[in-house]
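Peer 1: There's a structure below that I have some questions on.
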Amino acid sequence: MASLPVSFAKPDKNGVITCKAIMLKEAKLPGMSYADTVQIIDIQVDPPQNVELRVKMLCASVCRTDILTIEGFMAPTQFPKINGHEGVGIIESMGPDTKNFKVGDVIVAPTLGECQVCSSCRSGRTNFCQNYGANESALEPDGTSRFSYIDSDGKKKLLYYKLGCSTWTQYMVVDSNYATKLNEIAPELPPPHGSILSCAFATGYGAVWLDAAVQEGDSVAIFGVGSVGISAVIAAKELKAKQIIVVDRNEYKLKMAMELGATHCINSEKLPEGVTPSQAVRKLTPKEVGVDASIESSGYDVFMNEAMKAAIHGKAKTVITGEGIYENDRIFFDFKDFLFGGNVVGNVTGRVRIHSDFPGLLRKAQEPVIRAGMDKILGYDAATMKCKYEVDIREGTPALLKALEEVENVDCVKLVIKLNDY
């Protein structure tokens, strides 16, 4: 990213920038298509206020939760909105009270901030900051939006946010308390890699590295090997886990996991009748006691139960990283498993704190083996600087709709949306 272009769109006399963005008009309900709700439009992005940053976005990557947002299952559920929370960009301008950033810095904006002074931050045991938690209000902290558009009646209407940032736009505004710089530590990291670091890679890698605290010689089970699960495999391999057991139904992704360090793979749809995934995992462990760490990244509630059942009760930690669709937003675990030592913890962005841990993750991302794993997740071709599944916002709505449909392809691990040249 050292040689990225630094030209910016010219604001109008009020400091407003007009650019292209991907708008979600309404939730994609059963029977509806992406064309019914998703479209590329021109929007207006107001100047940053207070401690905000206005950012020229380079690219965004599509998380499974972004698809759930389109379908109306994930908070905040207000529409119309700009979707997306994974992405990387360059600071174009800053609010008057912003500190520790400058125009031209390359940043990502993970879901959680880090004040470094609340009891949670000082504990070192969590990234759930009490002052800068996940913003699910769909607006800036002051209750307003920096995004607007002109509707078909010529009226100005506001656009809501996704988790305080919204990355599916050529320019966004974000509270600087939720941003962290890439350029000082990893200036050569390609933008798509920076994008997945902001959520998917941090979530999977951090679940193994920080939450489960896997040690050399441990056994690890990973349920679901999309981009988060593959990142967990990379971490387990790097931390010298002895057994890395992956569970999924997608043979392409299981094969990728094996190529990146998994020692055993289990296709959950090809198990003998009556055998559950957790039983299959336990059978692979010494004395069939289970694994030292169990990571759930599929987002399916049944796998969350299975992940806990696969772990050594009383010793192992089961880390839940995936968000899915559950009846009344509730997940039911077997009480007996809890009573006899089941240890389940929720995870957002891998327990990675944006100031205390993210710099270390950036350094890891530059190590050849880990960088090669990120290349695999993205299907990245260094010669062309393109990803296997990539669409440019400037190609228009039809190309975007086609790309969103392709997210369900068996060999699609991560879709990248290019927003500006790099």
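Just so it is clear, glycine is given a Cβ too, placed from its N, Cα and C backbone atoms.
Take a look at what Swiss-Prot says about it:
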- C63, H85, C199: Zn(2+) 1 binding site (BINDING)
- C115, C118, C121, C129: Zn(2+) 2 binding site (BINDING)
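Describe the structural context of these features.
Peer 2: Cβ-based neighbour count (10 Å, all protein chains) for C199 (Zn(2+) 1 binding site) stands at 29.
C121 (Zn(2+) 2 binding site) falls within a helix when secondary structure is assigned with DSSP. Remark: C121 (Zn(2+) 2 binding site) has E114, C115, C129, Q130, R353 as non-local neighbours, by Cβ distance under 8 Å and separation of at least 6 in sequence.
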Peer 1: Between the binding-site residues C63, C115, C129, whose Cβ has more other Cβ atoms within 10 Å than any of the rest?
Peer 2: C63
Peer 1: Just to verify a number: CA distance, C118 (Zn(2+) 2 binding site) to H85 (Zn(2+) 1 binding site), in angstrom, no decimals.
Peer 2: 25
Peer 1: Sort out for me which one of H85, C118 has the most neighbouring CB atoms within 10 A, since those are the binding-site residues we care about.
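Peer 2: Its Cβ has the most other Cβ atoms within 10 Å: H85.
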